[in-house]
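Have a look at the structure below, then the notes.
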Amino acid sequence: MAPVRLSNSVLGSFRAASRRSALWRRACLYHSYEYNQAPPFPPAESAILSAALAHVPTHGFTSGALTQGARDAGYLDVSTSLLPRGVFDLIYYHLVTQRLALKDSVQFLAEGEKGKSLSIEAKVRSLTLARLCANEPIIHRWQEAIAIMAQPTYAPDSIAELARLADEIWFLAGDQSVDSSWYTKRASLSAIYSATEVFMTQDTSKGFIETGKFLDARLEDVMKIGGFFGAMGDWLDYTGHSAVNVLRSKGVRI
Amino acid sequence: MLCCTRTLALASLRSAHIPVLDFLAPSIILYSQKSRFHSTPSPIEPPANPHAEAIQDEKPPIHHLNKTQSDFLDSALRVNQAGELAAVLIYTAQTPPLIRSHPHLRPLMKHMYDQEAGHFKTFNELIAKHRVRPTAMYPIWHAAATVLGWGTAVMGREAAMACTEAVETEIGGHYNEQIRVLLDWAERCENRGEDLGEHIKTLIKELRRIRDEELEHLDYAVEHDAKEARPYELLTNVIRGGCRTAIWISERV
């Protein structure tokens, strides 16, 4: 019987998974272009969790969805109790796979092709909207998911995944910053994304138009604040340099 | 909402580096990683494709970096960028006071500054390309390096040169260490019959060039009476200690 034969190998992979969860949450981001990155989940878990996601619209993020998924993938029902973090693994699977799907789901006109290419801010907006759209099939269950993610046990992993999403969006938008603005950009985008995601869970407008407008308003706020601090920084810089240069011209040895 | 047409930009980036292996034997690339140790047998067998065998005989497979190696590259690039930022700012801050009292040093300072700016640009590009996190201490190093450069220049020409000597000694040793590690990887890969990859080979070349230029700056500094600075021992030891601390912190934070 196929499910029974598979259970031994599944047990093995699930035991290894709890040791391996640290590998999945790699802090290091060094990205090599010379070989493909390994798939983030081993085949057995991938099969169960992807099947389980199909049941989330009906069952929600519950162990019921996981059980249905295990059955659909041809494993025993009890296999799901070996997932190290239970239902959170299902949410995590959704987060990771949707983040990795971004680079294939959104393509931008290459520079120099016909028509104007977008600015980085516009690309960030498109990518964020694309990622929000990926939540559409399960948006009516997303509030439970957020509640589970907010639990103290799972909050660090959720926040790390949010940071990775922000990094992915900026990278795909073509951001080349390598100074402290690397941090401020990702922090602000993480805040905007999570606020918009929560807004979307209670948005009832057609095609989530209100969510789009909410996102535009938040992005504009960030531009204004960024613009203000940038201008202040420029002014301080200029005033400081001018003061030093005036003193030097008066003969002060600095 | 989404404005897109299919573009080759992203696809060509990925396939440009392994054009043959990518479509002939993708599973070999995906599942030959050493870091995967789960016990479930992989459901995808490597294809029994005579073409794949033939290609593999001609070109050794690309070595997949394990976690230790990725972490090393991550922190190495981060530290190097921080170091070059500091170097650029030290020269920027040292130059005006120094040039006012010793105008003949202008060409030397410009030459050293240009080389450091080139190094900084190299590491900035590498960091952006490989998605490495820059150091969180960036604004602090910015301020500290400016103060160090200005302070030593105000103390005098010898002190400024002693500062350069101290910093370049530390940096030279630091780059040597990195090159040693990368060459060790290269040797292990050769023993295993794998290819280290173009990026890392280029990185080794770049690091060697940059290390040589830093040691050149060290020589210039000593030539220009760095050892005449008073108090030489205190100044040099404080600066070298500061550099070592900064390197240690930047590798982690």
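Residue numbering: from 1, along the chain as shown.
Glycine is no exception: its Cβ is also placed from the backbone N, Cα and C atoms.
Noted in TrEMBL for the protein shown:
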- B:Glu84, B:Glu116, B:His119, B:Glu214: Fe cation 1 binding site (BINDING)
- B:Glu116, B:Glu168, B:Glu214, B:His217: Fe cation 2 binding site (BINDING)
Structural state of B:Glu116 (Fe cation 1 binding site), classified by DSSP into three states: helix
Cβ-centroid neighbourhood (8 Å) of the Fe cation 2 site, B:Glu116, B:Glu168, B:Glu214, B:His217 excluded: B:Ala87, B:Met112, B:Gln115, B:Thr164, B:Val167, B:Ile171, B:Gly172, B:Glu213, B:Leu215, B:Glu216, B:Leu218
For the Fe cation 1 site built from B:Glu84, B:Glu116, B:His119, B:Glu214, further residues of that chain with CB within 8 A of the site's CB center: B:Gly83, B:Ala87, B:Val88, B:Gln115, B:Ala117, B:Gly118, B:Phe120, B:Ile171, B:Ile210, B:Glu213
Number of Cβ atoms other than its own within 10 Å, given for B:Glu116 (Fe cation 1 binding site): 24
Candidates B:Glu84, B:Glu116, B:His119 (binding-site residues) - the one closest to B:His217 (Fe cation 2 binding site) by CA: B:Glu116
For B:Glu84 (Fe cation 1 binding site), the number of other Cβ atoms found within 10 Å of its own Cβ: 22
Length of the line joining the Cα atoms of B:Glu168 (Fe cation 2 binding site) and B:Glu214 (Fe cation 1 binding site), in Å: 6
Cβ packing number for B:His119 (Fe cation 1 binding site), 10 Å threshold: 23
Local Cβ density at B:His217 (Fe cation 2 binding site) - other Cβ atoms counted within 10 Å: 22
